[in-house]
Each structure stands twice: as structure tokens, then as C-alpha cells.
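Student: This structure is in C-alpha cells; I'll ask about it shortly.
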Amino acid sequence: MGTSVFGEKEFLACCGSTKFAQEMASAAPFATYPQAVEAARDIWFNKVDVNGWLEAFAAHPEIGEQSTALATATDFTLQELYEANTRYRQKFGFVFLICASGRSTPEILAELKKRYPNRPIVEFEIAAKEQMKIIELRLSKLFTTEESDASKSREQWNADVSATAEEDRLSIIGSHLTAAAKAPVGLPSQIPTRTRPPITTHILDVARGCPAAGVEVLLEKWQSNNTRPVFGETARDCWIYEGSSTTDKDGRSGQLMGVVDALEPGVYRISFNTGKYYPDGFFPHVSIVFEVRESQKWEHFHVPLLLSPFSYSTYRGS
């Protein structure tokens, strides 16, 4: 007996990001739900950019229009939820996002009020985590439906034939997963050939709710007899230029270095000319220093920046 393979259509229904759906379809098939969730988390947090997050957020209806909220709402709470949601969207630039499964309207409204005072950077990250909860829930339903259909079909088979078919199915899935992970000779088997530079970045202007275009970005590598820079010491000449670019309309910096399979281990610094973008802002520029170890040279390092005039936040995705 064969097995169904989910495609972009099914994964797009789990998350409104086109990039997410494409990456999941490329990584499929998955033998189990936990495997799918593991891949989804990596893709959502490390491979989907800011535009993809906003695209997914935009695919959600207002929280007051969802069935969970409607089932437990009164006219008064729905009106209050609508007004609170409007204020939220005006402040943050996207719909209030929460995994509403099992929550009543009063609970959702209380959470919205609790999160409203957050800084845009903080709220953007919370929304992304709530989106991941929703993705996991929808993936679970996807796999439950498939298992239910498969169970009905297996009732028509002889027990021995069914067991053999299941064994073959797992063997086929295993071969697909192995083939997808193959890399060129000389590289670890789990490391694919790169199609983009190992260090990338993009910037979201959380104050305006859109990508930050026109920000100058500089990438440098530490080169000295010392293994790494020491906090508080100035060693300007030890930072070696790797590349630079300016973010485009999507907030992407472009190519900061060449496409190489193995990134040279060491300490890197990526700097953003935030003062030029926000002349009246608090930060004239922002620099992020990070170290790539020998064991990490095959990884991809994505350093997005969430920026507003008086605050910023970042995280590293690999």
C-alpha cells in the first residue's frame, strides 16, 4: 500500500507563508508527525524571512471572526474584542495572533490586553511563536486525517499483506529521506550543498510594520594572533572586511560573502548603519559579534534585525 505525500497546498493551509510551504514540500515526505514538526520549526524560525512571517500573519482572520471566539462571545465582548484588535493592528501593523484552541473569548481578550503594552520587537516575536503553535496544531490534524484514511483502507487488506505493505511503505519513506539528505563526496552526509552564502541577514522596521530598505550592512571577520576579541579592548585593525551591501525593498542585505560549502570558523561582526536609516534614533549604528566554531562550519547563520528608532532585537538562526 502506498502513502500520500503532502505538497505545497497542504502546507500552505497549515501556514500562510509561501516560503514555508515550499520548504516543507521540499523537505517532505515525513514518516511521523514529530519529524514534520521538527522540520517545520527549523523552517519557520530559520528559513522563513520577515516577509514570510508577515505573510503568514496576514492570512489569519481577526481573532473576533474565528469560530472559537464566536462560540463563547456575547455582543458586548465581541465589540470590545473588535475595538481592542483595531488598536492592536494600528500599533503593531499586523493582526493579533494567538493559538485560540480551547480558549474562550474572555480569555483571548484578556491576553490581548496583556500583550498590547509590549514593545513592537517583543510582540513580533510572541506572534511568531503563537504562529508556530498554530502550525503544529494544523500539522497534527493533517497527519490525523491521513492516518484515519489509511486505517479505513487497511481494513480491506489481509493482515499479513497489510503488515508487509506497511513495511514497504516505511522503507520507501526511509529511502526518500536518505536521498534528500545526500551531499557531495567529502561532505558529511547530512550537509546539503549551499545555494546561498552561509551568513545572511534582513531587517524589519517594527515601528512601521514593514521591511527596512536602504540600510547599509557590513560584514567583517576577526583576524589576530588572539583567538577572539576581548571585551573592553579596542583592536580596530583586527577586523577584516568580508563584504557589504544595502538592504533592498524586502529588507534583505544581498550577498555579503561568497557561496562556500564550509564557512571558515572564527569570530564575525555584522554591523548596521541604523543612524542613517533613523537620523533621530537612539543608535548611530548597531554591531553584532558572533563566533562560528569548527563543528558549525556547515551551518547557515541568519542574523535578522528587528529595528525601531529607540530599540532593536536580534536572534541567530542556523
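Heads up, the Cβ atoms here are built off N, Cα and C, so glycines get one too.
As the structure is a computational prediction, the values presented were derived from the model and not from experiment.
Pulled these from TrEMBL:
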| type | residues | note |
| --- | --- | --- |
| BINDING | His202, Arg252, Tyr315 | substrate binding site |
| DOMAIN | 10-139 | domain 'Oxo-4-hydroxy-4-carboxy-5-ureidoimidazoline decarboxylase' |
| DOMAIN | 199-317 | domain 'Transthyretin/hydroxyisourate hydrolase' |
Student: Given a separation of at least six residues and a C-beta threshold under 8 Å, show me what packs close to Arg252 (substrate binding site) in the same chain.
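Tutor: Correct list: Asp49, Thr200, Thr201, His202, Pro211.
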Student: What number of additional C-beta atoms lies within 10 angstroms of the C-beta atom of His202 (substrate binding site)?
Tutor: 22
Student: Under the DSSP assignment, what numbers of helix, strand and coil residues are found in the domain 'Transthyretin/hydroxyisourate hydrolase' (199-317)?
Tutor: 10 helix, 49 strand, 60 coil
Student: Limited to the domain 'Transthyretin/hydroxyisourate hydrolase' (199-317), I'd like the whole-number average of pLDDT.
Tutor: 82
